[in-house]
């Protein structure tokens with residue numbers, strides 16, 4: 001039993017890390033008032049680019065970095081449409097998903113199912129061979145994700161720039177009057193979310209699977225969207241949510257492997273059902289309005305300022 | 001694509017819809033061949049295996065074969081593609097997924113002078129034939145190798161969804177394992193997705209953590225084999241030869257050779273001697289469409305010999321994978337000793353055989 005729990009616990013961070021990274025990006029973006037449904041597409045581009053770079057002979061860190069930049073590039077296209085041209089954020093987000101999936105399929109066409117050597121786990125490196133399993137199963141990006149979480153939390157909550165960003169998400173008109181460049185803040189927030197979304201995607205191909213397949217994000221981008229709502233746009237809660245979602249996903253196959261009769265379809269539904277419950281509870285307690293950035297999804301036009 | 005192809009088993013109470021007359025089909029114009037795929041052909045799995053068959057066919061006939069990719073499995077999309085091909089004079093059209101079944105049958109009715117084929121489909125008529133392979137026979141052989149090589153007495157296999165054509169692979173594998181080592185257990189886990197290399201790698205590790213020392217994948221991601229390579233544990237792939245993903249630990253892969261069906265079949269169509277099988281074309285090891293890839297470096301000679309002997313017995317018809325006694329996981333009897341599982345019960349297989357550790361979700 002303890003062996004079962006230990007091996008399960010050791011794998012949870014690998015499930016949770018990409019969700020955490022992408023969700024942190026999304027928190028930044030949505031705290032600035034931009035409703036962003038694009039993660040699935042952004043992560044797809046990040047995964048494909050990261051894999052191609054590593055297959056091209058570069059190291060895994062280069063792959064992760066270039067994957068992150070590719071995610072940012074796609075995210076900026078989204079930003080251009082919604083911030084500069086004021087397109088509808090929901091529709092543009094969905095279009096960005098389609099574009100991301102299509103682009104990754106197009107450029108990754110000849111790279112499908114070709115295994116490569118990605119980022120090693122601590123236990124696979126020379127210095128980490130003797131680490132206990134719980135640590136040896138982890139990798140450097142997981143550590144980076146935790147650092148990012150703390151940094152994003154502090155930056156959003158404690159810094160002047162973070163305050164400005166939140167002001168834009170709560171009341172862009174007021175922020176505008178106070179001298180904040182609303183469009184620039186939103187564009188930067190969208191760029192940051194793309195960077196982290198791309199990194200999360202590249203994590204999946206370069207660290208987790210070490211192979212690329214079209215459509216390999218497999219709905220994780222949507223889980224990220226749900227996760228951010230679940231977490232109430234708070235970085236600390238994003239970690240809790242990522243561990244919960246990742247832990248449940250990691251548990252399912254392990255229960256099957258020991259023959260426990262667990263309803264797998266209910267298990268697969270759990271993250272989404274949980275999000276709905278949290279959402280409904282938040283609304284019932286009339287906290288909903290406080291939890292979500294007040295101007296989320298609203299297009300800010302300066303001439304409409306009241 | 002593969003997803004819906006495998007859903008076939010779940011829906012299929014009656015196996016194949018029968019065709020009527022026994023007239024040979026004749027082309028009215030010079031042959032022009034087109035293949036229609038539901039996804040990209042470069043999927044490293046099901047579609048790529050069929051596309052290799054298409055390439056072999058093109059080489060053999062010294063002709064070009066048109067390819068349409070990413071044609072969704074809905075009636076309108078497929079019909080548009082077929083209409084366009086027929087207008088341009090194509091008269092042999094091959095589909096590659098169960099999801100095309102109904103729409104293609106409609107098109108076959110509308111274009112009686114065009115020959116239609118559909119991989120893993122269910123419809124057949126005077127000018128249409130569905131085809132699939134008895135994959136469970138090859139999985140039985142793969143299971144024998146894994147069981148024979150296992151030291152812990154536990155082997156594992158991961159798969160997509162619990163539908164008939166997947167379950168018969170898992171059970172065939174488990175029975176092969178037991179044929180080599182009667183008390184060995186087979187851990188079977190469903191990932192509940194067809195396309196998720198991240199999950200497949202993680203599920204592979206979950207199985208290995210439970211003590212399996214040989215691991216097979218009924219899906220096509222290299223990540224599962226990669227997990228076995230690192231452990232190390234023996235690895236068995238599917239659809240294509242996946243030895244590149246586990247060069248040291250690979251045992252073999254269950255592979256398709258669709259050219260063995262497509263080349264002679266299309267030649268018959270061109271020669272005017274083709275009579276569609278009324279219940280679809282459904283063959284196994286003896287036809288060569290399914291089999292094992294070359295052995296990996298660690299496979300002992302004794303294992304190879306045992307598997308070769310069983311292969312010969314299956315081809316000769318002396319060994320039936322689902323010959324009784326077949327017991328369910330809980331010990332209840334499906335097929336008594338001396339009987340063989342009826343053909344139509346293959347498609348509706350919704351249980352694990354005895355010796356499998358795993359959860360078969362209830363369908364009702």
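Glycine is treated like the rest: Cβ placed from N, Cα and C.
What you are looking at is a predicted structure, and each value in this text was computed from that prediction instead of being measured.
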Among A:122-139, A:140-157, TrEMBL marks as transmembrane the stretch A:140-157
Request  = Might you confirm whether the transmembrane segment (A:41-58) is in contact with the transmembrane segment (A:91-108), defined here as three or more C-beta pairs under 8 A between residues 6 or more apart in sequence?
outcome  = yes
With the greatest number of Cβ pairs under 8 Å to the transmembrane segment (A:6-29), the stretch among A:41-58, A:64-84, A:140-157 is A:140-157
Stretch winning on C-beta pairs under 8 A with the transmembrane segment (A:41-58) (pool: A:64-84, A:140-157, A:187-209, A:221-245) is A:187-209
Of the listed stretches A:140-157, A:187-209, A:221-245, the one with the highest count of C-beta pairs below 8 angstroms to the transmembrane segment (A:64-84) is A:187-209
